[in-house]
Every structure is written in structure tokens, then in C-alpha cells.
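*Asks:* Below you'll find the structure I mean.
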Amino acid sequence: MLRSILVALCLWLRLALGVRGAPCEAVRIPMCRHMPWNITRMPNHLHHSTQENAILAIEQYEELVDVNCSSVLRFFLCAMYAPICTLEFLHDPIKPCKSVCQRARDDCEPLMKMYNHSWPESLACDELPVYDRGVCISPEAIVTDLPEDVKWIDITPDMMVQERSFDADCKRLSPDRCKCKKVKPTLATYLSKNYSYVIHAKIKAVQRSGCNEVTTVVDVKEIFKSLSPIPRTQVPLITNSSCQCPHILPHQDVLIMCYEWRSRMMLLENCLVEKWRDQLSRRSIQWEERLQEQQRTIQDKKQIASRTSRTSRSNPPKSKGRPPAPKPASPKKNIKARSAPKKSNLKKSAS
């Protein structure tokens, strides 16, 4: 079984970025506060833009949930009204499985019909994904009895981060043993590294979330470059190593240049972290312009080479060898010439 959807796809709830600038937020819907997940995002699957709107809409099902007509009804409703917020599925939040919807509907619709109600169209099961063919969640995919070594730390009112206690091997990993290479903030470095994001941020917290993972929480102030939307709020930067390189300390105001990987913002050894200076930020903007110019030049050269290659294939060069040899004379004339003397000999003998 997978460990809390925490989850069907090893998705960790500590990640709290948002879509189009909207961060994940703590679940505030009373009916859903005891679900195995504790952060959600809006709009939900029913297009409610705020949790306040979702609360008003979900209240109509409270009596149905209270009579316990189905063991999965509450789970299904919360998966629709307060979907799980995970970094890997920001643009298309995970839906409940079709089988969960069908179980809730089949269990509760007979009772609803007794009061002249039918299963609502807005909760139709037909469009929901099937477990074997798509990404979806069901109660069976979630372990609710988490091990004792797992606890939740509230970093901000709107973000939860999971932390595990370390085993003996992890405790022996001292930061003093790590030797980080200094990356110099130069144009040559910027052009060669081709970073995917550049931000101005303040370091809020640095914490080890496993033997080979360090999470650095930063408060994003300015965004100079990014491949995907970065919210101006607190976001986690992931270091997938036992060493945190480059070294940074909490409460520093810094300029960070690094990479995104599978929608995660990474903080890796070959990335650049410098104390914030206006002059350096202006340089980074100029470096990005040079990088774009360099990439356009490379692209233009590739297009020219491609066109030249296509032209040479369609119009092959003519051969410059020796001229062709002349054709031999027709053999018929030679045959006639040879046969002429034979006729004259026949005439002489006849005479």
C-alpha cells in the first residue's frame, strides 16, 4: 500500500506551490478536516473559487453523511470539494476514482429517492477516472495509521511539512563533512549553466527531511526567470543529497539561480546563491538577455544548416568526370561490305 497520499503516487503534502499564483491552503471545510490530507487548492473539481463557496455547497450533504448511508461518501465529497494539493498535479488536481463515486451513489441513492431526490448531475461518476487507466484516489490507497516517527510541522498557517525522525545512519551525517564548490556569479557561468529559474528570496527555514533530502523554505520576493508559475509566497526548494550545497543560513536575503525538475524547484550543488545586491540582479537580467541572444543565434544556424541540407538532397550536383566515349559504328554497314566480294566471285565462276 502507498503511504498517505501522502499517497497513491508517493506525493508528499509538504509541497505547497500553487497554480497561477494561488498557493495550497489548509483545509477549512468542517466536513473534511479529518481527511488523510490537510491541504487543498481552489478552484476545486466543482469550480468553486474559494473554500467559503465550497462550504456553502457541501453543507447540503451533511444529513446524508450523518446517516452514514455509505462508508465512502464523506471521502468522495471531500475529494471533490477539497481536492488534494500536490506539486506534481498542480494543473490538473487528482480526482476520486470512478469506483468510489459508484459505491457512494449506489449506497445512498435509494435513501435519496425515498425523499424524491436523485444522485446530483454535478457528482456524476461517468467522467471520473478508472483506477487501472488513470490517476485517481480511493480510501484503499491511503494509510491513515501513520507510523509514530512521522509528525507534522506547521511552517505557516497555509503550509504543512512532513518530517521524519532519522535513523542512526542519518544522525551521523554531519554538515561539516560536506565540501561545497563555490560557483562564481559570472556571465560565463550563467551561459554554461542555463538555469531554469532566477528569484530574489528570503530564507525562512532549512530542515532535513530524510537521509538524502534537505528542504529549504524560502519567501519569494521577485521572479526574474521561471519555466513554470512560481507563487510569491513561501515555497520549498529541494536538495536531493545529504549535503546542502550551496551553504545557506536562515533569514538571509539572497538571489538564487537553479533548476526545476518535474515541477519541483531544486537547490543543487551547481546552482548559484548569492547575498542580495541590486547590482547583481541587474547583471542577471543582462546575462539572461545574452543567453537568449546566444540561443537565437544557435537556432538560426541550425535552421540554415537544415535548409542547406534539404536543398543539396533535392538538387544533387552534376558529375564532373570525363566526357562519355563515342558510340561504336553500326555493325550492319560492315556486314554489307564483307558480303560484296562474295557476289562477284559467284559471277566469275558462272562465266
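Cβ coordinates are placed from backbone N, Cα and C, and glycine is handled just like the others.
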*Asks:* Which one, Cys24, Cys32, Cys136, Cys170, is listed by Swiss-Prot as the other cysteine in the disulfide with Cys97?
*Replies:* Cys136
*Asks:* Do you see any of the disulfide-bonded residues Cys78, Cys85, Cys108, Cys125 whose C-alpha is within 10 Å of Cys97 (disulfide bond), and which ones?
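*Replies:* The disulfide-bonded residues passing the 10 Å Cα test are Cys125.
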*Asks:* Mind checking which of Asn38, Asn194 has the fewest other CB atoms within 10 A of its CB? They're the glycosylation sites.
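*Replies:* Lowest Cβ count within 10 Å among the glycosylation sites (Asn38, Asn194) is Asn194.
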*Asks:* Where DSSP helix means H, G or I and strand means E or B, what are the helix, strand and coil counts for the domain 'NTR' (178-306)?
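*Replies:* Output for the domain 'NTR' (178-306) reads 36 helix, 48 strand, 45 coil.
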*Asks:* Whole-number answer please: how many Å between the C-alpha atoms of Asn116 (N-linked glycosylation site) and Cys136 (disulfide bond)?
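*Replies:* Taking the Cα atoms only, Asn116 (N-linked glycosylation site) lies 31 Å from Cys136 (disulfide bond).
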*Asks:* Please give me the CB contact count at 10 A for Cys24 (disulfide bond), counting all chains in the structure.
*Replies:* 26
